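Below is one structure; the comments refer to it alone.
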Amino acid sequence: MVKFDSGSESEMTNGDEVHINTKHEVKSRMANGNGVHNVPDHDQFQDRAEMEVLILPDLFSSLMSVPARENPHYASVKADADEWISSVINADAKWASRNKRVDFTYLASIWAPDCSAFALRTSADWNSWAFLFDDQFDEGHLSNDLDGAINEIARTREIMEGTAPRYTADSEHPIRYVFQTLCDRVKQSPEGFYAGKPSSDRFYRRWMWAHELYWEGLVAQVRTNVEGRSFTRGPEEYLAMRRGSLGAYPALVNNEWAYGIDLPEDVADHPLVFEIMVIMSDQILLVNDILSYEKDLRLGVDHNMVRLLKAKGLSTQQAINEVGVMINNCYRRYYRALSELPCFGEEADRALLGYLEVEKNHALGSLLWSYKTGRYFKSKEDGARVRKTRELLIPKKMAAL
């Protein structure tokens, strides 16, 4: 996911291709991996002589230089969220333990440090859904099945539109069940069921719209896989596809809900407001492509900007440097768009400022989460080392790919 994003934005598998259409198959799939580094032979490359040392750009500059805040409900919500998703997919103890390390609640906690426990739980559960759902298209059975991908999205759309059958925790489609509970919750106030004013029809339409953008990106990704065009695209075409398939758009709007932000239509529909969403999605995916580079090499994931630029003739270090330039350009684009935004009036501008805070927190949370959980590294300690030294160590035999 995102999309969030795994060079694959989904970090819930180790690359084994297993269908996940039924509860039993989800359990089989989930037993194979998780959201953290899980390669038994990784430690054999401790000798730096066997490693290519890559220098990363400063990923904590500009908008990312601010300190992060953690939601005070984090600990209690994490325990409940971890237990619930493990129960729904009927996971074994090994997967449940690994899932705790993935810590989707920490990610949600940085995204929305001031939201209610109900909203934080919903955001954490949305993360679990998004990564499970995305795996099917990323490295799973739908990655090269265009008709199957379109069909699964159609069934999920029916849930969002309220025309699908009611699923249960014992359903043969646990991923759909999770999404249905999310739709139920997002229609309510972020304070809880019947605890406040329900979401407006206007907001729910925006929430559906953001998910449609995500699904369009997934279909484009699968089509690219089927056509074998992963490395023949230019950077702009790649960004256009990945900013959708990353899953950042619906995650961002989900965080708007967590804060009770309901943008007026003239604000939500303004091209510069959408441009800021595009810019931050680009920033998130480009950062992700650097940090996920080794994992993507291991799993054979092609949708990665570093790999794309290497296919164009750049060395690995040159490609990473170029992605760093693209990230810095995101900040320039952001400030340019911000300077050109009109004033909409007191109430609308207050909502807009909340939206801008959500955008910044989303990018910062995604960055911190990657280091803290060992998402792409062999441990939290290794993630801390990479952050401190900005050195990414890649086995030379792998770096040649």
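Cβ atoms are placed via backbone N, Cα and C, with glycine included.
Per Swiss-Prot, Mg(2+) 1 binding site is recorded for Asp134, Glu139, and the stated evidence type is similarity to another entry. The motif 'DDXXD motif' annotation in Swiss-Prot covers 134-138 and rests on a curator's inference. Positions annotated as Mg(2+) 2 binding site by Swiss-Prot: Glu139. Per Swiss-Prot, substrate binding site is recorded for Arg242, Lys295, Arg375, Tyr376, and the stated evidence type is similarity to another entry. According to Swiss-Prot, the feature Mg(2+) 3 binding site maps to Asn288, Ser292, Asp296.
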Given a 10 Å Cβ-Cβ cut-off, pick out the one of the binding-site residues Asp134, Glu139, Asp296 that has the most other Cβ atoms nearby.
Asp134
Is it possible to get the count of other C-beta atoms within 10 angstroms of the C-beta of Asn288 (Mg(2+) 3 binding site)?
30
When the number of other CB atoms within 10 A of each residue's CB is tallied over all shown chains, which of the binding-site residues Arg242, Lys295 has the maximum?
Arg242
Binding-site residues near Ser292 (Mg(2+) 3 binding site), in sequence order, restricted to Asp134, Glu139, Arg242, Tyr376 and a 10 Å Cα cut-off:
Tyr376
Please work out the mean pLDDT for the residues of the motif 'DDXXD motif' (134-138).
90
Separation of alpha carbons, Arg242 (substrate binding site) and Asp296 (Mg(2+) 3 binding site) (Å):
15
Three states by DSSP: which one describes Glu139 (Mg(2+) 1 binding site)?
coil
Relative to the Cβ position of Tyr376 (substrate binding site), how many further Cβ atoms are located within 10 Å?
25
Using only the Cα atoms of Arg242, Lys295, Arg375, Tyr376, which the record gives as binding substrate, return the largest interatomic distance in Å, rounded to a whole number.
19
Conformational class of Asn288 (Mg(2+) 3 binding site) under the three-state DSSP mapping:
helix
On the three-state reduction of DSSP, what should I expect for Asp296 (Mg(2+) 3 binding site)?
helix
Whole-number Å only: compute the distance from the Cα of Asn288 (Mg(2+) 3 binding site) to the Cα of Arg242 (substrate binding site).
11
Where does Asp134 (Mg(2+) 1 binding site) sit in the DSSP three-state scheme?
helix
